[in-house]
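Features as listed in TrEMBL:
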- 50-59: compositional bias 'Basic and acidic residues' (COMPBIAS)
- 100-253: domain 'Sodium/calcium exchanger membrane region' (DOMAIN)
- 282-422: domain 'Sodium/calcium exchanger membrane region' (DOMAIN)
- 35-62: region 'Disordered' (REGION)
- 78-94: transmembrane segment (TRANSMEM)
- 131-152: transmembrane segment (TRANSMEM)
- 164-185: transmembrane segment (TRANSMEM)
- 197-216: transmembrane segment (TRANSMEM)
- 236-255: transmembrane segment (TRANSMEM)
- 276-294: transmembrane segment (TRANSMEM)
- 344-371: transmembrane segment (TRANSMEM)
- 377-398: transmembrane segment (TRANSMEM)
- 405-424: transmembrane segment (TRANSMEM)
Amino acid sequence: MVRKDAEKEIELEEGTRMLEEEDKFKNLKDLVAERTGGKADDDDSDDDKSDGSSDKKVGPDSFDLVESTKDIMFTSSLNWLLVLVPVAMVGKAMGFSDGWMFLLSLLPICPLAERLGYVTEQMASYTNPTLGGLLNATFGNMTEIIVSFFALKSGLLRVVQLSLLGSILSNLLLVLGCAFFIGGTKYKTQTFNKTGVAMNSALLLLAVISLSVPSVLHTTHTEMHGTSSELALSRFTSLLLLGVYGTFLYFQLVTHRDLYEEEDDDDEEEEEVGQTFGGCLIWLTIITIFISVLSDYLVDAIEGAAESIGMPVAFISVIVLPIVGNAAEHASAVIFAMKNKMDIAIGVAIGSATQISLLVIPLMILMGWAVGQPLDLNLHVFETTTFIMTVITVAFVVQDGQSNWLKGMTLTLAYCILAASFFFHKDNKLTDQNATTWVDSASLNSAVAITNLNDTSSA
């Protein structure tokens, strides 16, 4: 009797345990279904997600010119500056002064650069994450590339060097510092992915080596063939840097994509895409054309504007151009920091500086080679020193993966010190370049006068 009661008790315990396991299985199944949007058993859903496309994007079915134009023109608070685009064109035709042309060309570049980034993001939403990341990387600094190209074409080689250096300094110190400071006033401590930041820091240190060696070579007067050694070294280094940037993209978008992926919120609502893929291509072309036209006006007026307002060309190139030209991008980093999305904010700041160092600068060196302009990586000692100090400072600040308002204030004040130093810095190379241009122009005028005199004597 006792044995039967024991057997019944054992059977009852086994039945109870089985029921508990079944309940756990149901709860686990419900949890999986909840986290996958109720599609845990849907194989098609898994296939859709495996291709990397986002199912949270809802775009228009066909291109509508009116709706597309509204989306471009009325979804940014900076777009009121676009009224200056036709004003700048009229001013160029009527011969406005260089000071006015510089201002009228610089200000509308800011909203155009923001709209270019917006259209690029819209286009990327129609692709997989790998191709989308490649698009953002390619067009992320298109404004700097266009402005630098027109300066390069005009022979303003020093302006190209200084403006790109200024973009790096502003991103690493001003943008990152403001993001840390403003985000730190709302959150006591903010964290970010220090592994991904460490990769960018290593690449920036490589850029430091690449830009330091030509300057040291020039300063120590140890070139084998004069300035041609610096130029040859710069072109060789630029080819290597472009290769490094390509491998970094492969690292970021393919092999180690998980280090750079953003965490998705479970309650994230569907994001509506305002443009079709074809509409993105159309607007990308239109915006690029307008930026090119304004960049041409800007470069033509920069020297005259500097003289008329009494501001050094070096200060305008290093400080003014990067701040105004990338104002929208800078604001986005601060907004992301206020939302505690520090990985995105750092991607805007440090990621942009990495792109300029490894992509834009080498690309300009090779473009100069193609058009016969001797652009090199010799930034000179003062500029190279500011670059080295900036990269080392930022590398120390971000190494622990945490940020606060004090770190932000430190970076911002460091930028203010560098800005003041460039205001008082006399750029001898820029002065010599302008003098050479004046001498060449005077020589040409003298040659023309002598030719006309000889023709008159012969007659």
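Glycine is treated like the rest: Cβ placed from N, Cα and C.
Keep in mind that what you see is a predicted model, and the values were worked out from it rather than measured.
Counting same-chain residues at least six beyond the ends of the transmembrane segment (344-371), those with a Cβ under 8 angstroms from any Cβ of the stretch are 137, 140-141, 144-145, 148-149, 152-153, 157, 160, 164, 167-168, 171-172, 175-176, 179, 183, 192, 197, 200-201, 203-204, 206-207, 211, 234-235, 237-239, 241-242, 244-245, 248, 260, 262, 326, 329, 332-334, 336-337, 377, 394, 398. For the transmembrane segment (405-424), the neighbouring stretch richest in Cβ pairs under 8 Å, chosen from 131-152, 164-185, 197-216, 276-294, 377-398, is 164-185. Outside the transmembrane segment (377-398) by six or more residues, the chain places 161-162, 165, 168-169, 172-173, 176, 192, 194, 197, 201, 204-205, 207-208, 210-215, 217-219, 230, 233-234, 237-238, 346, 350, 361, 365, 407, 410-411, 414, 418, 421, 425, 427, 429 with a CB less than 8 A from a CB of the stretch. Under DSSP, the residues of the domain 'Sodium/calcium exchanger membrane region' (282-422) split into helix, strand and coil as follows: 119 helix, 2 strand, 20 coil.
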